[in-house]
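The compositional bias 'Polar residues' annotation in TrEMBL covers 432-455. Annotation source TrEMBL lists domain 'ABC transmembrane type-1' at 313-651, 1036-1308. The domain 'ABC transporter' annotation in TrEMBL covers 728-977, 1345-1582. Annotation comment: TrEMBL describes 432-477 as region 'Disordered'. Look at TrEMBL and you will find 44-61, 102-121, 133-155, 162-179, 199-219, 312-332, 352-374, 613-635, 641-662, 1025-1048, 1068-1094, 1155-1182 tagged as transmembrane segment.
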Amino acid sequence: MVVGIVHAAWQMDTQIPLARPLSNFSDDAFGDMIASSWYDTLNIPAYISCASAAILLFEILRCKFIQCLRGEHSVLGKPPVEPCSAKHIDRHGGPTIFAFKCARLLACIILFCLSVLPLLSLADDTVEADATLWRDFGLCVTYTYASLLALISVIAKPTRSVSRHLAIVLLFTWGVYMYRDVWPLATFTLTPIDSAEGSLLWGKISLLTLAAVLVPICMPNRHIPIDPSDPIVAHPEQTASILSLMLYGWLDKTVLEANRVSHLGLEGLPPLADYDHTKNLVKSCYPCLDPFQITKRRHLFWGLMRIFRTQYIVLCLMLMSRTVAYLASPVGVNRLLNYLEKGGEGQVVRPWVWIAFLFFGPVLGSIAFQWYCYTSTTTITRAKAVITQLVFDHALRIRVKAEVEENGSNSASEAVVSESASMVIPATFQETAETTSEDTIIQESASTTDNSSLGKQRAPETNLVNDSKQKSGPADVKQGANLLGKINNLVTSDMANISLGRDFPFWWRFLFRSRFALGFCIRFWDGVCSALVGMMVMAAMVPLPGWIASLLQNLQVKKMEKTDARVQSVTEILNVIRMIKMFGWEGRMQDRLAHRRDEELTYMRKYKLLDFLIGYINHLIPVITMIVTYTLFTVVMKGELTASIVFSSITNIAIGNAFGLWDDAIHYSRQVSPFPLSMSYLTVGAAKVSLDRVNEFLHETELLDQFSSGTSDSVFSSEFPGNDNDVIGIRDAAFTWTSSNDGTLTPGPNQRNFTLRIEGEVTFKRGYTNLIVGPTGSGKTSMLMALLGEMHYIPAGPDSFVNLPRSGGIAYAAQESWVQNETIRDNILFGASYDEERYSKVIEQCGLRRDLELLEAGDKTEVGEKGLTLSGGQKARITLARAVYSSAEIVLLDDVLAALDVHTAKWIVEKCFCGDLIRGRTIILVTHNVALASSVAEFVVSMGTDGRIHSQGSLSKALEDDKLLSTEFAEQRKEELKVDIDAEQPAQEKPSAGKLIVAEEIAEGHVGWSTWKMFITALGGQHSLIFWTVCVGTFIGSEVLATLQIWFLGLWSREYETHPASEVPVSYFLSGYTVIQVVTILCFTTSYGSYIFATLRASRKIHTTLVTSILGTTLRWLDKTPASRIITRCTQDIQAVDGEINQYFYWFMMHSGTIIVKLGSVVVMAPIAFVSGGLVAVMGGLCGQVYIRAQLAVKREVSVAEAPVLGHFNAAIAGLTSLRAYGVQESFRLQSFSRIDRYTRTTRILHALNQWIAIRIDTLGALFTTSLASYLVYGRTFNASNTGFSLNVAVAFSSNIIWWVRLLNELEVSGNSLERIQQYQEIEQEPKPSTNHAPPAYWPASGTLRVEKLSARYSEDGPCVLHDISFEIKSGERVGIVGRTGSGKSSLTLALLRCILTEGAVFYDGIRTDTINLDGLRSKITIIPQVPELLSGTLRQNLDPFQQHDDAVLNDALRAAGLFSLQSETDESRITLDSQLASAGNNLSVGQRQILALARAIVRQSKLLILDEATSAIDYETDTIIQASLRRELGKDVTLLTIAHRLQTIMDADKIMVLDAGRIIEFGRPIDLLNKEGGILRTMVQQWLRSVGALFGSISYSLYRFAFK
């Protein structure tokens, strides 16, 4: 704008003579002179000043008017602050900013004084007026106004308005002088207009440059916090100057610090800017995004565009600026060559100007593009933070449910491949995942293609559900993914897709570039028609790659399905990795994953080849365009193809096609394609799909009734008839797990719905303990969920209600204990303040005192992921302690006694339920331990198998009404001796810090050679030398030929300098040029094609090695390593190997070959270029080294910062019911803010570092081109063709050295994934199988087991958990194993399977187990753990995963396991082999899962069967049936070891083993041990008798004695 105004005025100024004495003019001439003075360019500053003053005055009046309307008082009445006081200086932003303002004020005052001098010299002039006087007077006014503004900016309260006006006035004034007096120096024909002023002129220009340019761009910015009441330390970019922002100088300190320390940690990074804090983003963005705040439903995209509209306007402006600047190089080359061709004749502009184009064009273009990248990445980082938090907040509103696939037929359906399997869990995004399974673990549809897949659900206590909501249509919808996986997917892979799709303005840039390229052709080519035809050919061919890209997108969908299948398999295998190792299934699972991987790579090969075809066509477009253009120009139009036309067109034609986006695309994207046009098609499409998925989640996910009904009350409320709002109960209502089930659906084979029906009224007693009892699957947990509002409420009449008062608080303990990956104390406090006395009582009453004493770190011990450092009983007691410690008046407990042994359960009932902390509170307890809890029960609700209440009232009334309950109660043996399979683990090598989870190793420095060697070896395969020779050799050949074709064009143009156009053999040169292009393309095709197949080979090998290493590791390593870290290696890091690492490696090789060839070509033409090229290479390398240390450190911090975000998601969603029950959603939101802020802090710096290096490398490249151009023009005499060749190759070299450094850095950053994979290839391993240690084919023929002096420990330096154990068990014997928590029961089972380190000898059927392969041993022994592990899919697939048995065998196993005793053969909703199981079996109750795990063990038909509390969650009647079935179904030669929590389970065993502290205390027949005075078993039975003696008297013990005789 400045230049335009000055240019218009200057044109008029050149036609009017400068001022002369007025005495020489007539009156008319005087009037004409006065009129012409208005058009003097030096008057422009005065006009701008007047306009500025008027606008500023208007702004001041407007501000005062608004203050008056608001009733605000003016600050003018306040006492002024001393201008030079420290407070005043701080108000201006500090001493530095104040000094800059003072310097600008001084410059303005000096300029004012200089402007007054001409007026004083004219004071004594007798002439009344002169045009010069008006001009000088205008300048004096301008400088007076500027000085006044500068003074106000120094002494007054800082305002942006004054500084802005001052900068504009000074900038226009500086622009006028530049145009009048500096621009003429760049021409051959013009002279400075004000040269008569002499040195004074240059003094003015220097002062103006200081005040108008240097001060504004170098002065730091004053930080103004968003919330002055809560100021946050400023981010360096908030206080950086314009120049620092342009060059990213504010990062210099961070980069230097990274090179001074071994590793730059989070504390070394700049703080997060206040406008990037999640809490501030939520305030500003939620009104446009949150479904509960927007007034009109609209797509998420439009909300984001409204929020970030300013940023996207800036992006478009930067793209246009970049495009304009991009043309500077071809313009400069064209004008320089034109100057050389004509020898300077007729030239107006000096050649150094065009040389400057070669420098400033790329530099300014780089600044514009890097600002584009910076704005883009900043915007997407903020968008990711907002969307991540929005998804989390919305997840707190959704309904808890479990879903499985519905295929609409009676036939078995395959397990659904979860969409969550496709998630790229960023480097550790889950590494501190705080998830544990809750009884309400959630499942939900995650289909990427259907918006209607909301299925039905149930609580784990209810019957198996296989429900689905189907919409009418020709096809059934797919469902069945886990909600946790879906949400993980939304905030990982979908956010990654959205991030990559942020650059959709590049489409506009392509069109903008094409128009500019066409304009260039028209302006600088003589052959306009040929240029137009060439552009038309290009435009006609552009849709072709777009059409192929659409095919590619369809292939991408299929490829992602295969990727989903593989990742789902990996995820499920890792979720049940302990079971796989104990069953010896590692080899088979590895084969299954290899098959999945081969299917994925098949589609990946097709994808890469089709993608290469698109790039191939993209490359052919400019080649064909150039051939057509040159043919028309030389053959048809008979034009002369001069050097200026040839070498400028080479650069320019590439601008008009997609290949011109190559350099930009590499920088900002890490996508699957090296060809940017296909990138644009795919990434924008993928981003749209992901945005649709997030939008669907926000608007279509089923919410709790309180949210779906539009109420804002956080309490589930329904109309309660009456004034007594303290009533806890339900009347005449039904409850389902989805709103789509109205409670009237008829169950069918594939449509099974559980409905809790309350007929009449049930109210619980306030201030007392209430029991909910019933058989497995009767809906006990559903009763609690209905009260909590987690189920859909269906009233049966006008008097219906459900009420749970929340004013006094609610506490809830789930059946499957939910703990966070925090310390024990933090889990108990759960955000409440620490009260030492209350806390001590809770520890004592919940029986945790002894457990904490066993832990070196006490209650500071971290519980680990899924609480793996704790036993099941310990987790249950911590969950109970959390509820007891809370101040909630109502406490809901879901079968917390089931996980406790007899002593601990008795302690809980007597000390806790009868203690002072519980007294007066309302307890609703779901339990099977009716006899144990009978002493505290005031009210009992007995559930029937049909989801209805069987009876309610006192315990005696419930026993009278429910004969089954009465029978169970009469034979009650509910006092459990339970210890989780990991009971001994808490005692293992606990460091004083209380940490078990090993912090993920963060590598320092560069990625090691061993890592790259692994990758290069995998690429080469078995014939490495042949591959690398072909791949590298053909590529170097293509680069040499590409350079040769430029030289060939120069040779062609030289012919026109020495021969007439009619004598130039056009056909020879055209055919030669075409042949060179064809051979070049063939060489590149061979190179890249061979590399594609090499990448597939490397991907397969690296994945296989990784999976083999993980499946072959030890259980101890698995315990110390969160599953999320392993999943990250198998998902994100493997994806990096499949994609970006392969691409970056080839691009790096390609650019390495290119710079060698280009530099060699330039050196041949101009040897001096070797010096400048070498200097640029060295300086670029140094910049790259400095950058890479900072980039690697920050990248690793990003990887670490990502994990807690998703870990927090997982923990919150796994315990969603608990969170809502306790009402701590806001606390978890604040934790989410903190974790997202940490991730944003590292990510912002990671992106900004890319811009930091790019600016510097681009500048070095521009310096090289400029220095070479200066040498070619001024240093030696070169002809135009040689100069054009050198400049063209130099430009290519400079851009390639830029990208060589960038790609080297990107490759090393991406190599972090290879490094992480290699770390997991070198983990501790179990002994590998070998043919020498294979057991005999007949083995084992019997179940004989002999153990001699067996000792065991969990790690090399850990304590022994078993001490010299010796015993012998004959084939077919049934042995019960009992003992207190930590006695070594589970450790013994692990030692028998060689899952931990052992000493001594174990003989199984006469063969020493340490002499045979592990898989051979474990495949012949079957163990059923307390926590059953199931896979998603059909029941048949779970019982027989490798399809080795027919259905008759499987049904017999189910019958033997007791499943058929829970259901009728005529029940249409019964569980069958075709029933679909959700992931981990979460649509089954725990008891049902244990039954299926038992059936799977029976199917294996091992000679040695180990039950580790396998029936702990099963009711008495079913347990009795199972035990009887096992006695009947198992072969006589099957040895059975049973670790049981029920005395009834093991009292009829042949022998009983009593363990204590890792030693055998008692071992013998039950009758012998019971008759042993002072025996441990006898003591246990006596304690049990005392606990139930009040009900049964002494007869019970007599019955036992009679039974054992």
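Quick reminder: no glycine exception, Cβ is built from N, Cα and C everywhere.
Taken together, the residues of the domain 'ABC transporter' (728-977) have an average pLDDT of 82. Between the transmembrane segment (312-332) and the transmembrane segment (352-374), the number of CB pairs under 8 angstroms, six or more residues apart, is three or more, so the stretches are in contact.
Proximity of distant same-chain residues to the transmembrane segment (352-374), defined by a Cβ-Cβ separation under 8 Å and at least 6 residues beyond the stretch ends, is recorded for 186, 246-248, 314-315, 318-319, 321-322, 325-329, 331-333, 335-336, 339, 664, 667-668, 1247-1248, 1250-1251, 1254-1255, 1258-1259, 1261-1263, 1265-1266, 1269-1270, 1273, 1287, 1291, 1294. Through the fold, the transmembrane segment (199-219) approaches residues 96-97, 100-101, 103-104, 107-108, 110-111, 114, 146, 150, 167, 170-171, 173-174, 177-178, 181-182, 192, 241-243, 246 of its own chain, all at least 6 residues removed from its boundaries and within a Cβ separation under 8 Å.
For the transmembrane segment (44-61), the partner stretch with the highest count of Cβ pairs under 8 angstroms, out of 102-121, 133-155, 162-179, is 162-179. If one looks beyond the transmembrane segment (162-179) by at least 6 residues along the same chain, the residues whose Cβ comes under 8 Å of a Cβ in the stretch are 2-3, 5-7, 10, 41-42, 44-45, 48-49, 52, 55-56, 104, 108, 142, 145-146, 149-150, 152-153, 156, 194, 204-205, 208-209, 211-213, 216. With a threshold of 8 Å between CB atoms, the same-chain residues lying at least 6 positions outside the transmembrane segment (102-121) that come near it are 132-133, 136-137, 139-140, 142-144, 146-147, 150-151, 153-154, 166, 170, 200, 203-204, 207-208, 210-211, 215.
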